[in-house]
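If you check TrEMBL, you get these features:
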type     : residues  : note
DOMAIN   : B:72-260  : domain 'ABC transmembrane type-1'
TRANSMEM : B:21-45   : transmembrane segment
TRANSMEM : B:76-98   : transmembrane segment
TRANSMEM : B:110-132 : transmembrane segment
TRANSMEM : B:144-165 : transmembrane segment
TRANSMEM : B:185-207 : transmembrane segment
TRANSMEM : B:239-260 : transmembrane segment
């Protein structure tokens, strides 16, 4: 079974007068794993429900293999879905749950048994075939739900936060299991999640949604290293914010000295990984900078290496989440979270040091 | 101090025992009386207990040519038909009320309560008049319709609760697997709502078995059910026949209690009437 491509064009979805999705354009390639990422209420689940047919869009097209399915009922779309609640039928056994789609397709008992056995072995459920759903653990239910979706050989797999109800440890192994199954079978997968890390490790491409609009589409590396907007940067973990004054000349930025910030000259990035600043602002002048707590480090004295943004501050709080210390630094009335392996005490004067490659710059208004 | 707690404990204990005994007497007193009458051969004033015990009246009730057996069977037949008629309306109505975004949903649910809202005698007298014009008086069908009109409010309310308790996502999963609306209803919704539907069926059956006024106005004298036999025999002072009929009527009620206790989940019960 080989996946098929999906093209979404100008899709608008809403309930009553309430618009949830605005003019969504998205192309999903055959056999691609796409994660829809966003905080709750951003419209990611609505987009998945529009794909699966449980919500009729107000306008726009959803083309599968070239033909528009936007107005078809769910049973005619041939997209297998794994629900967040698993939605397993409690009055049926594991075997009946997995085989239901096959029964609907008019397969014979032997064929169904054969296919179901194969899937149960694949998912490590061989001994549970005759159990009723209420007698299964969360992880087992999730496998049954996955088995039910895989059984019908649908080219498109829709995953609605399927891992959010699992224990942290099982969740980590299921990520890889689902990903490898999808790759082995060549399925086109659309995965809804609010978990950034989950999206990063599972997906080929990530679609970040914000208030019913697509904020950015890109590979995990792209959305992490070059967030196109202030929103995406924040969502991808660049929580520290700083107002800067910059001049731009050719490939370099010069940051002017202000309060705690030292003057510096930084190179602008041309491609990911070249160590330059991610410049997304429209014009020089006063811009908004963002950086991750893990991208920066602390210095005890003021000798800042070349190509770093430096700002003087004082430790106000510290914690130890594991591996490094997490410091809250106060600098010119602003608070920053910085990770650093070296030990400082509360009240120590330090310098926050942000390498050019860890800095993202946006226009003030955006 | 200790004395005071002790005595207050004692008072509390006594009131509790007294209340319990009164309650037990109120519940079991009439039943004991009924049980005694059911096995009494000879019992008259001023004796506190029957003078002779035996089962000759039971034999009389269950004698093939006895009218009690006939009344029992017509009661059961009418009750079964009432269940069929009620469910034929309650299942689609309950599903629609639970799933559809219907305008005036509460109004529709209250509508089914209307037959209960007015004095039974007044309602049934007029029903009898209308049915007379439709040639339904004195027929089993006429009695079934009267019983159904009374059972419907419970049947619809309970069925609505049963369907509302079925998680919509379970239906969505069936649709996603390729089942149409009808197939989804048959394979997923109905089996999951079945305990609630069964409860409403038993409830309607009980209501029909016990119904008197409507049967009296619409069915008498051609259709004789157990409650009507009970009424006539107690009017004639034939307490043995009346007690035995009551005992027979008790059986389905107890069965219903056991069913509710065993199969009906709290989430269904909580949704009744909402």
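Each Cβ is built from the backbone N, Cα and C atoms, and glycine gets one as well.
Quick caveat, the model's predicted, so the values are computed rather than measured.
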Same-chain residues at least 6 beyond the ends of the transmembrane segment (B:144-165) whose Cβ lies under 8 Å from its Cβ atoms: 78-79, 81-83, 85-87, 89-91, 93-95, 97-99, 109, 112-113, 115-116, 124, 127, 131, 136, 189, 193-197, 199-201, 203-204, 207-208, 211, 214-215, 217-219, 265, 267-274
For the transmembrane segment (B:76-98), sequence-distant contacts whose Cβ falls under 8 Å of one of its Cβ atoms, 6 or more beyond its ends: 105, 108-109, 140-141, 143-145, 147-148, 151-152, 155-156, 158-164, 166, 185, 189-190, 193, 197, 200-201, 204-205, 207-209, 223, 225
For the transmembrane segment (B:21-45), distant same-chain residues with Cβ under 8 A (at least six beyond the ends): 51-58, 239-240, 242-244, 246-247
